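The structure appears below as structure tokens.
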Amino acid sequence: MSDRPLLSADNSSHYGASDRSSDSPVLSEYDEQNRQTVEKRLLRKLDLRFAFLVLMYIMSCMDRTNAAAARLSGFEEDLGMTGNQFNTLMSIFYVGYLLTQTPSNMFLVRMTRPSLYLSNCMAICGAITLFIGVAQTYHAILILRFMVGVVEAAFFPGAIFLLSRWYKRNELGYRTALLACGSPISNAFSALTASGILASLDGTLGFAGWRWLFFVEGILTIVVAVSAIWILPDFPSSSSVWLLPDERILAKLRIEEEVAVRNAHKGTPVEGWSGLIEALTDWRVWWLGAALILMEASLSFRIFFPTLSATMGYNSTITLLLCAPPWILGTATLFLVARHSDATGDRFWHTAGPLFVAIIGFMVAISTMNAAVRYLSLFFMAQAPVAHVVSLTWIMNTFSQSRSKCAVAIAFINAMSSLGYIGSSYFWPSRWGPSYANSCGICILTSTMCIVMLWVFRRHLSRCNEAAEVEEQALGLHKGFRYLL
């Protein structure tokens with residue numbers, strides 16, 4: 001093979017795009033034959049680097065949910081919590097999370113070093129988690145939990161947007177699943193870690209076990225965040241020493257090809273507040289935001305998973321260990337469903353299916369207090385987060401025509417969905433235990449309403465595709481952009 005780049009920098013073609021206009025020259029025969037080799041090499045490098053993003057997300061999820069495990073080790077008693085104070089402590093995180101997601105992504109889209117931005121935000125989260133471990137009052141921890149939400153809001157929507165800048169539409173589902181699997185892995189791993197820390201470090205150096213939980217997880221978060229500065233990719237347009245010249249050219253070209261041919265944003269630089277205005281005036285952004293509010297409300301059981309596991313009557317160590325297997329299965333399902341969704345191009349049924357399975361789990365939990373059957377219901381419930389992952393991929397596919405609008409839409413919809421967590425933190429009061437039948441009933445209702453809203457959205461996109469096909473046939477045009485259903 002020649003030493004020169006396989007893809008020449010002079011090629012401005014949108015290879016594989018549906019429109020072959022005269023001002024878009026086709027790649028040379030040499031490039032056509034060797035593109036697949038370069039693309040495989042590029043994807044292999046990207047996947048290896050973005051694998052570290054999964055580790056970062058695992059630590060991020062541990063920072064937001066460690067209070068649930070601490071609850072089993074005197075957290076409430078030591079701080080004198082009463083009534084719904086613990087529920088408020090859990091929900092205050094999502095208030096901060098809600099406020100800063102959209103501004104953060106608007107800032108991120110204008111950066112040249114997103115790796116530095118995301119890593120620094122994560123390191124700050126780790127530092128705040130350490131401070132929670134030494135806080136002496138409920139109100140101090142309440143403020144610190146709010147601050148964790150404010151800073152951590154940058155990570156997940158920012159990571160999703162960063163993925164969308166490197167991968168094509170038919171590759172995003174699986175990669176988004178790889179990232180999002182950090183959540184169920186975190187739920188499983190944090191339960192195992194918490195059981196070890198609470199059992200072995202309680203009383204060491206005069207600190208309660210729950211304080212050591214925050215110490216250890218805060219330090220781990222900082223270590224991972226600092227390492228990420230040199231590992232995470234930046235945008236394709238940034239200088240990347242880890243990419244060969246032909247790989248860098250192809251990385252840019254692949255994203256250009258993904259720009260819809262019927263959209264006027266192709267090749268337009270991001271300026272001003274255009275992305276924000278376009279997103280906020282598109283009713284689909286608000287519709288999906290409302291649907292995800294309902295979805296996140298139905299997923300509120302994740303925050304209280306140790307509490308649900310505790311209803312089977314075991315001690316805190318066994319309770320935390322029992323939390324791991326459902327999430328391990330949920331992670332495996334996540335990979336399979338996301339990969340199949342990419343292969344088939346279907347989004348709706350791969351979103352609705354896991355929600356239907358979770359509804360079965362809620363019904364089983366309502367129907368009995370038998371320990372074995374209730375534990376089985378947790379495996380069904382743990383399938384619900386799969387729906388969230390596929391829906392995020394669907395959002396990126398739908399708004400992929402404009403870089404700035406996509407960034408704002410991802411952050412804004414994700415921020416709106418946080419409202420579901422803020423309210424649903426009060427769906428699980430202690431007085432409704434140990435059966436939590438009312439809580440499960442609310443989750444069934446919100447899941448059903450979410451499925452209905454997503455079905456309406458699917459029908460809208462289907463009609464848009466039909467209208468585009470009719471227009472192309474009438475004008476004699478090649479097949480252009482189609483929404484994934």
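All residue numbers here begin at 1 and follow the chain in the order shown.
Cβ coordinates come from backbone N, Cα and C, glycine included.
TrEMBL has this to say about the protein:
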type: REGION; residues: 1-32; note: region 'Disordered'
type: DOMAIN; residues: 49-485; note: domain 'Major facilitator superfamily (MFS) profile'
type: TRANSMEM; residues: 50-69; note: transmembrane segment
type: TRANSMEM; residues: 89-109; note: transmembrane segment
type: TRANSMEM; residues: 116-135; note: transmembrane segment
type: TRANSMEM; residues: 141-164; note: transmembrane segment
type: TRANSMEM; residues: 176-200; note: transmembrane segment
type: TRANSMEM; residues: 212-232; note: transmembrane segment
type: TRANSMEM; residues: 285-305; note: transmembrane segment
type: TRANSMEM; residues: 317-337; note: transmembrane segment
type: TRANSMEM; residues: 349-369; note: transmembrane segment
type: TRANSMEM; residues: 375-395; note: transmembrane segment
type: TRANSMEM; residues: 407-429; note: transmembrane segment
type: TRANSMEM; residues: 435-457; note: transmembrane segment
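Against the transmembrane segment (349-369), stretch 435-457 shows more Cβ pairs under 8 Å than any other of 176-200, 407-429, 435-457. Beyond the transmembrane segment (212-232), the same-chain residues lying 6 or more positions past its ends with a Cβ under 8 Å from any Cβ of the stretch are 49-50, 52-53, 55-56, 59-60, 62-63, 66, 69-70, 73, 114-116, 118-120, 122-123, 125-130, 132-133, 162, 190, 193-194, 197-198, 201-202, 204. By the count of Cβ pairs under 8 Å, the stretch nearest in packing to the transmembrane segment (317-337) among 116-135, 141-164, 176-200, 407-429, 435-457 is 176-200. Sequence-distant contacts of the transmembrane segment (285-305) (same chain, six or more residues past either end, CB-CB distance under 8 Å): 65, 68, 90, 183, 187, 191, 279, 323, 355, 358, 378, 381, 384-385, 387-388, 391, 395, 398-399, 409, 412-421, 423-425, 427-428, 439, 442-444, 446-447, 449-450, 453-454, 456-457. Here the listed stretches are 116-135, 176-200, 407-429, and the one with the most C-beta pairs under 8 angstroms to the transmembrane segment (435-457) is 407-429. Through the fold, the transmembrane segment (407-429) approaches residues 84, 87-88, 90-91, 94-95, 97-99, 101-102, 104-106, 108-109, 153, 156-158, 160-161, 164, 275-276, 278-280, 282, 285-286, 288-290, 292-301, 303-304, 307, 392, 395-396, 399, 436, 439, 442-443, 446 of its own chain, all at least 6 residues removed from its boundaries and within a Cβ separation under 8 Å.
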